[in-house]
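Chemist: Here you go, one structure.
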Amino acid sequence: MQKQLLTHINSPKELRTLKQDELPQLAIELREFIINIVATKEGHLGASLGVVELTIALHYVFNTPEDLLVWDVGHQAYGHKILTGRKNIFDTNRQLGGISGFPKREESVYDSFGVGHSSTSISATLGMAIASKLKGENKHHIAIIGDASIASGMAFEGLNHTGVTDANLLVVLNDNAIGIDPSVGALKQYLTNVKKGTQKRNNIIEALNFDYSGPIDGHDLEKIISELERLKTVKGPKLLHVITTKGKGLKQAENDQVKYHAPGKFDASTGDLLPKSGLIQPPKYQDVFGLTIVELAKQNEKIIGITPAMPTGSSLKYLMEEIPDRAFDVGIAEQHAVTLAAGMATQGLIPFCNIYSTFLQRAYDQVIHDVALQRLPVIFCLDRAGLVGEDGATHHGVFDLAYLRSIPNLIIFAPRNEVELRNIMYTAQLGLDQPIAIRYPRGRGVTIDWKQPFKPLDIGKGEQLKQGKQLAVLSIGAIAKNVTEAIIDLNVSHYDMRFVKPLDEVLLHNIFKTYHTIITVEDGTVKGGFGSTILEFASAYNYKNRIKTLGIPDNFVEHGKVEELQKLVGLDAESIRKFILSIQ
Ligand SMILES: Cc1ncc(C[n+]2csc(CCOP(=O)(O)OP(=O)(O)O)c2C)c(N)n1
Ligand SMILES: CC(=O)[C@@H](O)[C@H](O)COP(=O)(O)O
Ligand SMILES: [Mg+2]
């Protein structure tokens, strides 16, 4: 009976007591551990399976936590977490009250930097290396970054700066030739040629004053360990290029790397996904976007679709398949995506720029400087707006209403259902003379028969959904579903305001003159979001009504199921109902 190694490892210190020839066995056990837990608890699978050997080697060679590891994005750090004292609680991964799905400083001394958004690791690690030098400390600083993440602008900024320092910094480029979807761009081609040996010797990494080594097999423990040991003795900036396979060790995950990036529940013994429930359900908002843009693009040849590295997550993949020369995956490059769209708009094209709400934070200046200031009619589709669930604080799209609301010329719309999303997309492509941001949540909507004929919407017009006497509830976006449920038997009015900008002031004057108490509800921060707009309206017109704002409080919301998190912040139907009853 093979001796179990993983059971005895609760820290890298114990890992480092193993003989090197025991490490392949440890890799087998660690891979199995990850598969067994993610099969039932869900999460990011492929990336972590791809770096099992690399993770073991890094903690074996370097004296962690004194030597600092920074995992880029951090979705591949399940092995890191299991080896650094969280094995026995790893089954709480991404669950409310459990450990985060990404490295988090407050979770462990081994998590040197909080991650979740890509391409931050080189900058953060350089910061640590410069600090160590200034403090006279002699430690190693290692950034582990993927082939898609290193192609992002911020990663290049980190490389560019590192190259003119003598920082003791090692970048491990984990090259598996894929992001969530196949990685794109000239750098991808370059790395492919390097791997094939057909690349002329103009090594761009060496050109940036890095000591470049590799490419080596990222699953060959002996090779990685000996190369890491050698690199420990090399001064200054270094880059080790390792080749791995995303999903390594689970056949289905290797064969369908996109699906198994985050496969949901699957049979750990066979790797097969669990069968989907047969019942008819409303569509995912992303698919309403993805299928509708295909419908519209077929009728309007000016329509373009753009995604920064999320063709599957945004469902722009349908347009990429159907009309490939009018759909662009620009890689992890949100800033470039926005300004690319702006450039296209100057030439009369109609770009739908689809970016997750949280990732659009990366391109805030581009929205202001390159789009709104020039009043260019870019159509921003912000998927994953609001609480997203298990990805937690780094991924909740809860700031977009606040961070966009202060930008002049920008229309802001939030559909309460799939039909509204389709109709605003249809309306926007008819031709606007200014940009618009359309924000909608992760997951399914509420309408089974959603594919209804298009109807143009009046920009800036809200809608009454329910008539009552006691007070008025004003909601924005898909959270209307919870409000509808909350007030089902209450004598209160409910308005879907639909637009945060421009506000339906005619409707608002009517509401303020009719109801003493007004409650706003939004799946977004109350600090500067939709509720703040209503408060500003009341102040501007000297209304003395009682106004209460419900939304995300002024703190970061952790990970958990969306329903759990909505309850936590008081946005579930029951909490909304209780609140209304408490102030009637
Ligand atoms: C700024 C930002 N944009 C998009 C994402 C979504 N995202 C998560 S992982 C990933 C692909 C990362 O690919 P790579 O760097 O090659 O790492 P791998 O998964 O292959 O290990 C993307 C696009 C993100 N986390 N951050
Ligand atoms: C790790 C990362 O940033 C992405 O994989 C993100 O988790 C995708 O989110 P969705 O699952 O909502 O598409
Ligand atoms: Mg990759």
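Just so it is clear, glycine is given a Cβ too, placed from its N, Cα and C backbone atoms.
Because the structure is a prediction, the values reported are computed rather than measured.
Annotated thiamine diphosphate binding site per TrEMBL: His75, Gly116, His117, Ser118, Ala148, Ser149, Asn176, Glu334, in sequence order. Here TrEMBL flags Asp147, Asn176 as Mg(2+) binding site. The annotation domain 'Transketolase-like pyrimidine-binding' is assigned in TrEMBL to 283-448.
Tell me about the surroundings of these features in the structure.
Modeler: A sphere of 10 angstroms centred on the C-beta of Asn176 (thiamine diphosphate binding site) encloses 23 other C-beta atoms.
Secondary structure at Asn176 (thiamine diphosphate binding site), as computed by DSSP, is coil.
Across the residues of the domain 'Transketolase-like pyrimidine-binding' (283-448), the predicted structure has a mean pLDDT of 98.
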Chemist: Give the sequence-ordered list of residues that share a chain with His117 (thiamine diphosphate binding site), lie 6 or more positions from it, and have CB atoms under 8 Å from its CB.
Modeler: Val73, Thr358, Phe359, Gln361, Arg362, Thr394
Chemist: Would you list, in sequence order, the binding-site residues among His75, Gly116, Ser118, Asn176, Glu334 whose CA lies within 10 Å of the CA of Asp147 (Mg(2+) binding site)?
Modeler: Asn176
Chemist: For His75 (thiamine diphosphate binding site), write down the residues of its own chain that are at least 6 apart in sequence and whose Cβ falls under 8 Å from its Cβ; none is a fine answer.
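Modeler: Correct list: His44, Ala47, Ser48, Gly101, Phe102.
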Chemist: Among the binding-site residues His75, His117, Ser118, Glu334, which have a Cβ atom lying under 6 Å from any atom of ligand 2?
Modeler: His75
Chemist: Would you give the longest CA-CA distance, in whole angstrom, between residues of His75, Gly116, His117, Ser118, Ala148, Ser149, Asn176, Glu334, the set recorded as binding thiamine diphosphate?
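Modeler: For the residues that bind thiamine diphosphate, the greatest Cα distance is 22 Å.
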Chemist: Listed binding-site residues are His75, Gly116, Asp147, Ala148, Asn176, Glu334; which sit with C-beta under 6 angstroms of ligand 3?
Modeler: Asp147, Ala148, Asn176
Chemist: In sequence order, what residues of the same chain, 6+ apart, have a Cβ less than 8 Å from the Cβ of Gly116 (thiamine diphosphate binding site)?
Modeler: Val73, Gly74, Phe102, Asp391, Gly392, Ala393, Thr394, His395
Chemist: Are there any residues in the same chain, six or more apart in sequence, whose C-beta is under 8 angstroms from the C-beta of Ala148 (thiamine diphosphate binding site), and if so which?
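Modeler: In sequence order, Ser118, Ile178, Gly179, Ile180, Ser183, Ala309, Gly331, Ile332 meet the Cβ cut-off.
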